[in-house]
Amino acid sequence: TTLVGYLTASFMLSSLTSRYILEQQTIETVWTILPAIILIFLALPSLRLLYLLDEVGMSCLLTIKATGNQWYWGYEYSDFKGMEFDSYMLPEDTLETGQYRLLEVDRRMVVPTKTDVRMLITSNDVIHSWAVPSLGVKVDAIPGRLNQTSFM
């Protein structure tokens, strides 16, 4: 875009142009600007939908804040006073048959069934990924940013 704009401006302002170059300038301007306008019209609705999908409704009955730390997750049920705990991953040598490696923890986050739950996810140190594969939820925990998602 910058190169085409520069060449168009230089041809228009330069006195050293030929009559044959100037004859087709209108069509070149049209086929340069028209695709840009089409791309803008395609992008604006997509950006609007992207932001609308990120909105979480205000009808959630339970809010849980998950904080990622270096070797564990901290959970805080903000609707209840003093209800917070840390959840550490179980070492491989303590796993029983049927438990999943790298997914089993000592204290699981418990949520009620058939309830809208809002998750606020952040991190204290580095980027983490909070995920519940069975719910199809995966959100990145980034230091200094509060991401949110919801599920039922």
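Even glycines carry a Cβ here, placed using N, Cα and C.
The domain 'Cytochrome oxidase subunit II transmembrane region profile' annotation in TrEMBL covers 1-57. Sequence annotations record features per position, and here TrEMBL assigns domain 'Cytochrome oxidase subunit II copper A binding' to 59-152. Annotation source TrEMBL lists transmembrane segment at 29-51.
Taking the domain 'Cytochrome oxidase subunit II copper A binding' (59-152) as a whole, pLDDT averages 90 in the prediction. Residue counts for the domain 'Cytochrome oxidase subunit II transmembrane region profile' (1-57) under DSSP, split into helix (H, G, I), strand (E, B) and coil, are 47 helix, 0 strand, 10 coil.
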